[in-house]
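Worksheet: the structure to be examined is printed underneath.
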Amino acid sequence: MTSASSPPAFRLETSDGDEEGNAEVNKGKQEPPPMESPFQREDRNSSPQIKVNLNFIKRPPKNTSAPSQQEPDRFDRDRLFSVVSRGVPEELTGLLEYLRWNSKYLTDSAYTEGSTGKTCLMKAVLNLQDGVNACIMPLLQIDKDSGNPKLLVNAQCTDEFYQGHSALHIAIEKRSLQCVKLLVENGADVHLRACGRFFQKHQGTCFYFGELPLSLAACTKQWDVVTYLLENPHQPASLEATDSLGNTVLHALVMIADNSPENSALVIHMYDGLLQMGARLCPTVQLEEISNHQGLTPLKLAAKEGKIEIFRHILQREFSGPYQPLSRKFTEWCYGPVRVSLYDLSSVDSWEKNSVLEIIAFHCKSPNRHRMVVLEPLNKLLQEKWDRLVSRFFFNFACYLVYMFIFTVVAYHQPSLDQPAIPSSKATFGESMLLLGHILILLGGIYLLLGQLWYFWRRRLFIWISFMDSYFEILFLLQALLTVLSQVLRFMETEWYLPLLVLSLVLGWLNLLYYTRGFQHTGIYSVMIQKVILRDLLRFLLVYLVFLFGFAVALVSLSREARSPKAPEDNNSTVTEQPTVGQEEEPAPYRSILDASLELFKFTIGMGELAFQEQLRFRGVVLLLLLAYVLLTYVLLLNMLIALMSETVNHVADNSWSIWKLQKAISVLEMENGYWWCRRKKHREGRLLKVGTRGDGTPDERWCFRVEEVNWAAWEKTLPTLSEDPSGPGITGNKKNPTSKPGKNSASEEDHLPLQVLQSP
């Protein structure tokens, strides 16, 4: 028999001539067919197969003297599927003889569903009764006795929706531990991947669980199945196994988390159980350090996807006893509600590439990412960085303010357009200073342009997220482009430099709001303006432009049909006023779409007048259109805009502190990764500390960050501490006290600081 790891030998299937070889292809809309449905029969369509027709093979002549060998009863797919779905093993009698007589196997296309590739074993597992089906073991034994080179137990679905789905996956989904044991004992591969479209994360109906049987059991909260798959003596599952995306079972658990209390509790329980199981089965493997194809560990994946609850748990996970090395938080000292904790900064600090801080600030698509930066240790870590870089932030603010004052003075004292851009040798002092101002403006524009290009280049892989979230960066880039272009046109003595110059000046003063994020109250005000413009105002303008264009075209069309000056105003009129000498005929009020749009805009802001020229032929229709426009825009759209803006402002105000923290985090990381500052080596926060001993006896050293907390909710819980008092490391005789080793890039004497008075935000 061919081994499970080697590919099966090539063979032609056989046909006894009575099979329905229908190979129709459904060219309509492709939708995932049901794996099992009581309201729909199995699909008979299948891909074309080259088979050997046994009816064309000459049988040996019958020996009249010898007893004749009777041909066994015929088993087709419908009969076999009916038997296994009802769970009647007695009706499988004669199946083995029929397979041998016709050189068939249970994995042949004659015994699989055409649309999905479902086998009779899958059919049996799909129709369990009280978690069992009496036909499963006979099918496995018949398949083994028939000498099938391709084991039935490892047969997989072949269609694009359920590709790779196996009987083991189905047994796990049916939550039958007994069936799982039966399949594994009979050679089921525990590392088969279900990689069809239904099992991939995309829009529409799908269920991504990590493709592997172990991941499916973990994501469906079956700890007994998980334990069996990891500890069975036949083929133990590997915790390091990955799917087609490079995700392990821990990644899969992060992906199915949805931040609800019930789901989070189950995911966290399973996550911790797998970590502890991994520590027992493979103590040398760091499961949380395994990255997928995107370079994301489970912690980084939770940060990118915005899975706040599982992200909080991983950051603040604390174990005691033999599983303490799995912790990322270590209680160093506590007194009542006051607790001093050490947090593991691996993969968190921006000192490392693709850190958690950078992912939250620049690569996270979740609208609630501001809730992650206020979690410990990120909150205190960002505050530590801000305190260190705040002088640089205000230095940049002062330089930009001086630059804008120079820009304003130069723009205000612009000479007439007919004067040369470069003054002659007899130029006055004012003209020389004006030329110097233009040169400084050009240099500043080039500096801003290089800085913004560097910003977007570093985020080129996440360009869509960058454009959606980099409001001020886009404005700075536009300002820099206009500034450089205006100065080039200025030295080329082109008059169009002036409009570009004033546009750049306006953008420059608007961009001054960027530096308000250094203060909480002004920073939140800036965020409110940004959210209102990007969310509410853009939607309002889209609808408003549709109304404006439609009504403008209608008014222009009606204005062309003016009454003849000699025609009477009505039937009773006999005298028509003639224009006097020197008096020109009054033009139509809406001569073009632009004029009509400007007049209609006045109605939108409440400054329009309903008076119109008497020579209009359809005055009633024009009046009706104007009244409808006022109702739709001035009354309806403007009030909807005000209501939406109020809702946005209230939402931002409710989360003002966390949103401001996110703005500060972005500013801190931008200063660390700036065009000039990034040339220096980044500062690493925290210190290298010994927090315990690993299972192999080696010291467990982590780069940790100390955080002082006050927690009245859980202060009665007794946790093991690393120190007996807050005097810091170095106390002789304390075997649990961490011995610190100052690193090259370590923080200043952080470990020796006494406890300070704590202030809640």
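Cβ from N, Cα, C; glycine included.
Among the features that Swiss-Prot reports, N-linked glycosylation site is placed at ASN571, ASN572. Per Swiss-Prot, intramembrane segment is recorded for 573-609. The annotation repeat 'ANK 2' is assigned in Swiss-Prot to 116-162. What Swiss-Prot lists as repeat 'ANK 4' is 209-244, and the listing cites experimental evidence. Under the heading topological domain 'Cytoplasmic', Swiss-Prot lists 1-392, 455-460, 517-537, 643-761, citing sequence analysis as support. According to Swiss-Prot, the topological domain 'Extracellular' annotation covers 414-433, 482-495, on the basis of sequence analysis.
With helix defined as DSSP H, G or I and strand as E or B, the topological domain 'Cytoplasmic' (517-537) counts 20 helix, 0 strand, 1 coil. For the topological domain 'Cytoplasmic' (455-460), the list of distant contacts is 362, 466, 470, 473, 477, 670, 673: same-chain residues at least six beyond its ends, Cβ to Cβ under 8 Å. Across the repeat 'ANK 4' (209-244), DSSP helix (H, G, I), strand (E, B) and coil residues number 16 helix, 0 strand, 20 coil.
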